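Engineer: Can you keep this structure in mind? I'll have questions shortly.
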Amino acid sequence: MTTEMGILPMLRTELSLHPGPAEADGSPSWTIRDPVRNRFFRISWPAFEILSRWWAGTPAEIAEAVSAETTLHPTEDDVKGVAEFLVANQLTQSAGPQDTQRLASRAEAEKPSWFHWLMHHYLFFRIPLVRPDHWLGRTLPLVRWLGSHGFQVTTMMALTIGLILAGRQWDLFVATLVDTFSLSGLVSYGIALTVVKVIHELAHAYTAKNHGCRVPSMGVAFLVLWPMLYTDVNDTWMLPERKKRLQVGSAGILAELTVAAWATLAWAFLPEGPRKQAAFVLAALTWISSLAINLSPFMRFDGYFIAMDAMEMPNLHPRSFAMARWWLRNVLFGLDAPPPEPLPVAKRRALIAFAVAVWVYRLVLFLGIAVMVYHFFIKAVGIVLFVVEIWWFVARPIWAEMREWEKVKTSIMAGTRIRWTLGTLGALILLALIPWQGSVSAPAVMKGSRSAALHLPFPARLEAIHVSHGQAVKPGDVLMSFTAPDIALRKAVAQALIDGKTAEFEAATLDPLLRDRAGIVQEDLRKAQAELAALDAEANRLAILAPMDGRILDILPDMKPGDWLSPRQKLGLVLENSAPIAVAYVAEDDLARIENGAGATLSPRALESPSRTGRVQRIDPSPAKTLPDGALASVHGGDIPARVSGQNIVPDGAITRVTINLEGPPPAHEEIGTISIEAENSSLIGRLARSVMVVLIREWGA
């Protein structure tokens, strides 16, 4: 450390200095390599000139030498600043008891508590598996052709042809994708993902080795216990050419896209079988993992390092975060502090926007990870880990920023902007506390109070339709007539059998020799007559009758005589002539706010349909297990998140069926819409607290 007498600390002998890329202003830079920790430090031209004369004497003498020998004019404080940078990053030697004590104190201060150690190693840790540098050097000549211009052009041609052919078979491609959503399909994707990620990491390693960099280790990193392969290519910081650094950073994505290109082409040409299926899995997986995940600059994946090298901005995340925090403090408190680093206004705004996008992305991602961890473990452990995730990834950074505000509290309170900030915050809190919302909205379907869907008892052929849409009908009216040729044939056979048995019975009663058989023949005759009666009953069921007094609606379109129809097809609907009802599905959080007799207003989705008023007639005692009103389900374009399970539609969340008696005539057909039900006034904070309590009670079984 620089002493009051001006003695500078000695540099560690194992450090090395390498030329770096040019700065934004065109000045050169250099990179200090620390081989012990495998860390790299970018320094500016003035810092390099100062280090080049480190042995010249005191800070004043070094500053004087730099001024005399270069166009730079550093001050004694600049030299001391470089010394402080070296000491802070442990790049100097320990020269005495004072330095030893300083290093020991720093090591003790940096020693994490058991909680921080546990959190760090639970949330993220690495396991090096191999030291591949020597092996990469020996095998590099065998794979160097993969980076040749000829192979790249050939791959682009394969990609173009593959995409064209896949586009022509797009329906088959999508259908195959859906078919792979099974246990065996997931296993296939897991195997393919492992293979592709090994290729991905080898591409980084070989490209770095090709540019003369050392690759000390490859292994597995765990992010919240989720395994990911990694390759240590930190030596690329020593590459002064941006093009080479970009090649190393993008090698993994390009390797995956190469696999995707050739797999897509293979899928288009291969015959049906295991090889075509394997090609599809590789193609589908690599397109998604490369474009949707690896290209993202919001996490420290390949896209982040590509963005850093493309923009020539090392440490992009920390620098953009610092700029965004500076902007936030100025906006909230009007602090006239200088920016963390001098940058053009456009670049400064871009960094701020990028930081905000990263924060939003990470908030959504970490909330999703927390929910996944909660559901993955047993409840008692899951909720603890959920709280840990939220604290570490979301609340802790916010708390750290608020502690920084505490340090400049005097400057904040001296300004006028704090009044506007506190006033706005108070108004928002007031809005959240005021119980201004006195209604509950829910998706609903309007229908007659009683209706009956028309279905065939078994497959049959339409002979005639005797009614039209909207026609009034009475109980027993024939609506449609069907026939089943197999029933007619069986009736003819039964009638012929009856005729034969009748003649045989009459002969037996007249002929004494046949009289003993009369009883048997008579029994056969009764069976044949019973079978004919059953067939007549079956045939009569093919006459579709009106079950009640009402109107016929929703007749199956494009149905005409001669068509064969199945029992699963809905032929129409008979709606009773009575007051209509609305069936709504209310979220669990809002259920306690409504009661029987509450007023309600239905707003149909169809603009030409008028609104209807009514009152709540019934609230089901338990949540709906299935969703019989399928038009409201998201799988059919409705507003209720739901999924298909077997023959039923199952809602994803807890919803309860509420029946509302509406005023006015019955609708001409079922209509979907949104219903607003009068409810107990509630504030935003109250609804949030109620939602939290509902989740806690449901999950903990209280």
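We number each residue from 1, going along the chain as drawn.
Backbone N, Cα and C define each Cβ position, glycine as well.
Note that TrEMBL annotation is computational and uncurated.
Fair warning: this is a prediction, and the values are worked out from it, not measured in the lab.
Reproduced below are the annotations present in TrEMBL:
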TRANSMEM  145-166  transmembrane segment
TRANSMEM  172-199  transmembrane segment
DOMAIN    191-270  domain 'Peptidase M50'
TRANSMEM  249-270  transmembrane segment
TRANSMEM  279-299  transmembrane segment
TRANSMEM  350-374  transmembrane segment
TRANSMEM  380-399  transmembrane segment
TRANSMEM  420-438  transmembrane segment
COILED    518-545  coiled coil
REGION    602-625  region 'Disordered'
Engineer: Over the domain 'Peptidase M50' (191-270), what is the model's average pLDDT?
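Structural biologist: Averaged over the domain 'Peptidase M50' (191-270), the predicted model reaches a pLDDT of 90.
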Engineer: Is the transmembrane segment (420-438) in contact with the transmembrane segment (172-199), using at least 3 Cβ pairs under 8 Å (sequence separation of 6 or more) as the test?
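Structural biologist: No, the stretches stay apart by this measure.
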Engineer: Quickly jot the same-chain residues contacting the transmembrane segment (279-299) by Cβ under 8 Å, restricted to those at least six beyond its ends, or write none.
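Structural biologist: Same-chain residues near the transmembrane segment (279-299) but 6 or more away: 162, 166, 173, 176-177, 180, 185, 188-189, 192-193, 195-196, 200, 252-253, 256-257, 259-260, 263-264, 266-267, 270, 306-307, 316, 354, 357-358, 361-362, 365.
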Engineer: Any chance the transmembrane segment (380-399) and the transmembrane segment (420-438) have 3 or more Cβ pairs under 8 A, given the pairs are 6 or more apart in sequence?
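Structural biologist: These two stretches do not touch.
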